[in-house]
Amino acid sequence: KTTPPSVYPLAPGCGDTTGSSVTLGCLVKGYFPESVTVTWNSGSLSSSVHTFPALLQSGLYTMSSSVTVPSSTWPSQTVTCSVAHPASSTTVDKKLEPSGPISTINPCPPCKECHKCPAPNLEGGPSVFIFPPNIKDVLMISLTPKVTCVVVDVSEDDPDVQISWFVNNVEVHTAQTQTHREDYNSTIRVVSTLPIQHQDWMSGKEFKCKVNNKDLPSPIERTISKIKGLVRAPQVYILPPPAEQLSRKDVSLTCLVVGFNPGDISVEWTSNGHTEENYKDTAPVLDSDGSYFIYSKLNMKTSKWEKTDSFSCNVRHEGLKNYYLKKTISRSPGLDLDDICAEAKDGELDGLWTTITIFISLFLLSVCYSASVTLFKVKWIFSSVVELKQKISPDYRNMIGQGA
């Protein structure tokens, strides 16, 4: 059933932005199906955005996105989180404002006068989230995929958190756990990562994170596994800069990846074999046929496009042979000329064969017609000669009879 998301802005309280930058967040919860798109200030904030993978729990997805901005610009300047869920035709805009006090006993003074707000009263206790491995790590044998368990809103008074990991209900002890202090609300965040085997994830094994803390009435368990379903390989198309762009200082290449399922995919760019960093991907979008598509745009200076031999769009997806497909576009004049000539020759040959076929057909028809006419004339002349000869030839038999 299609379910629109609920959107919650996550912002520090007044007085907690003491550093040079501040991180703002947007929690998108309770939607189905995938996917959603999160933009900040209509896309003008993009360089410091981090989007976390979606988590499926109880048939609904939850994901989050964060952006880091200079503390000198917020909250004096507006920051807005925009969430679009195409499947439900839902668009939600949330303005990020300093969070007000949770406790009414010791309220926070206005931000202009505030130096340090009291720590929030975390009556609800810690929250636990589990995240799947990066798809590139899963599909590349040289990398190590990891499942991540994140515990947030841990009180500084009871910071001890016990995290246990299970694979198909068998406990494992290879996880690495780190603790971080969240300055914006004076809480503890605990991150535990479990290295896993590639085949364990691909085969659908279940990974469980079990968390316990004094502020929890009972342990919290979160499970995750690879979503089962039809696997469809993507089709990849790489598009050169439009002709109108070539007169400008900057140009862009586009990689269109369509028709794939599931939605987990990795797209990267290289030029002459070297990794490119200046590109942006859309989130996978659910198409009308149930498959997904994605756009990736590589930006560069026009001079680089003119000087570089080739650019490649590298796609990794479980539906591909060896999980990998590379599409390359070349700026080499020789190669470009060959491609153009090849296409022109194909067109010329098609036209030439058509002309030759028509000519041969007409020639054979003409020969047949001429032969038929000639044969008819010869037959007519021969018949006339025979008839004439019969008329003028003397009747020697009668002549002999008369002589006798």
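Here the Cβ of each residue, glycine as well, is placed from N, Cα and C on the backbone.
The cysteine that Swiss-Prot pairs with CYS26 in a disulfide, picked from CYS81, CYS108, is CYS81.
Candidates considered were CYS14, CYS108, CYS209, CYS255; Swiss-Prot assigns the disulfide partner of CYS149 as CYS209. Checking CYS255, CYS341, CYS368 against Swiss-Prot, the residue bonded to CYS313 by a disulphide is CYS255. Scan Swiss-Prot for O-linked glycosylation site across THR39, THR91, THR104, THR223 and the hit is THR104.
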